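Q: Once you've had a glance at the structure underneath, I'll fire off some questions.
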Amino acid sequence: MRLYDTLSGGVRDFAPLRPGHVSIYLCGATVQGLPHIGHVRSGVAFDVLRRWLTAKGFDVAFIRNVTDIDDKILHKAADAGRPWWEWAATYERAFTAAYDALGVLPPSAEPRATGHITQMVELIERLIERGHAYTGDGDVYFSVATLPDYGKLSGHRIDDVHQGEGVATGKRDQRDFTLWKGAKPGEPSWPTPWGRGRPGWHTECVAMCESYLGAAFDIHAGGMDLVFPHHENEIAQAEAAGDGFARFWLHNGWVTMGGEKMSKSLGNVLAIPAVLQRVRAAELRYYLGSAHYRSMLEFSETALQDAAKAYAGIEDFLHRVRTRVGAVVPGEWTPKFGAALDDDLAVPAALAEVHAARAEGNRALDAGDHDTALTHAMSIRAMMGILGADPLDERWESRDETSAALAAVDVLVQAEVQRREDARARRDWAEADAIRDRLKEAGIEVTDTADGPQWSLLDGTDK
């Protein structure tokens, strides 16, 4: 198997540190708000990697963290008049619901940043002792100048680096980045040898990686927007602490709209509830996973409907075989399918094999060759199962699609409905109306009743 490693800048042969075992760390969500389809693409992409490695016989340890303490979380919770931990927990549930709706397997462990403060403090102490970090006005900073090859992941020249953290009086060098933030009034804080405070984002992931996977592990994954500064700063800390850290760095491309990254700050996000009105969850999963994980995925309604139609074609063939021939159990994937996934997870080529098998199977079925049709159907089930979208899997077939979508959407929407109620309680009518309008754009109608707010999909489905 070969994978593209961002650090080396090319495709390399992959072999795990421990034979038969693969360790993967995926940078998860900063739970500050509702997830959109851009957020969950990495979850789908690396779920395929995990499923493929498992199918090949590896024991996979898959860690996906939750960043539950962050400047944005604190600011948004404060603006809404809610405790920061409640805010984080609310949107953590929303992300979990989104992953589940799309059939992403639960991680082996899902550590929260706030549960690993002790490990972060210990890491920072090691960096200070080794001369790579220093204190200043209650904060702790990493000294970039002490690591000559800083920038090797992203290609940034060390002299051109600026961390963009604003003016900090305790910084010796504007290239340095924050490991620990000194306590501020009204913010959560924890005791440390250098005073109370809270962790910096880059420190959190290093501590959690090493807590669950050790000082050296196989794969660190995440979106391409994390290459700099987040992953660059993770490497800096780990190497400065004397650890080997990740052997492969994998990064998925963005979901774009109009050629720009899907982002709340750009106002071009597409909420999951809105998409689940147009296509089934399995079809959305198929769409998000159909492009090569490193490529950009430009969203369009046409592309979404084309993906739904392609998925429905696979589903229809499997149903035809089951009706005419009998039970269809997963069989063996084709050699070309396996070769495609071994070539840096080339899902488009793998899907071409699925559709070739479907076409041949349909011809065989029409000709009355039931044995050949069944063989192709069994192979398709195996291949689509590895891609997490087998139409005959109990996950997709046993649950009514509308009910399944509503169950996922309910968790996502309740978070925003609660925000609207909080705004109404503060008599912030403008904010309450803005939230209602955003929900409507996402395909959700909110109605105030004597029993409290009720929401419904604009297609008429009540909740």
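Just so you know, the numbers here start at 1 and follow the chain as drawn.
Just so you know, glycine gets a Cβ as well, placed from its N, Cα and C.
Copied straight from Swiss-Prot:
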- C27, C205, H230, E234: Zn(2+) binding site (BINDING)
- 29-39: motif ''HIGH' region' (MOTIF)
- 261-265: motif ''KMSKS' region' (MOTIF)
- K264: ATP binding site (BINDING)
Q: To what whole number does the mean pLDDT across the motif ''HIGH' region' (29-39) round?
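A: Across the motif ''HIGH' region' (29-39), the average pLDDT comes out at 90.
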Q: Non-local Cβ contacts of C27 (Zn(2+) binding site) (under 8 Å, 6 or more apart, same chain)?
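A: Within the chain, C27 (Zn(2+) binding site) has Cβ neighbours under 8 Å at S42, R64, N65, C205, H220, A221, G222, G223, L226, H230, H231.
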Q: Which residues does E234 (Zn(2+) binding site) neighbour through Cβ under 8 Å, counting only same-chain ones at least six apart?
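A: Spatial neighbours, sequence-distant, of E234 (Zn(2+) binding site): H202, C205, V206, C209, H220, F245.
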Q: Could you tally the C-beta atoms, other than its own, that fall within 10 angstroms of the C-beta of C205 (Zn(2+) binding site)?
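A: A 10 Å sphere around the Cβ of C205 (Zn(2+) binding site) contains 27 other Cβ atoms.
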Q: What are the other residues, in sequence order, whose C-beta lies within 8 angstroms of the center of the C-beta atoms of C27, C205, H230, E234 at the Zn(2+) site?
A: W201, H202, E204, V206, H220, G222, L226, H231, N233
Q: In which DSSP state, out of helix, strand and coil, do we find H230 (Zn(2+) binding site)?
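A: Once the DSSP labels are grouped into three classes, H230 (Zn(2+) binding site) ends up as helix.
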Q: Taking 10 A as the limit, how many CB atoms besides its own sit near the CB of H230 (Zn(2+) binding site)?
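A: Summing over all protein chains shown, H230 (Zn(2+) binding site) has 18 other Cβ atoms within 10 Å.
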Q: Need the DSSP three-state call for C27 (Zn(2+) binding site) to compare against my parser.
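A: Assignment for C27 (Zn(2+) binding site) reads coil.
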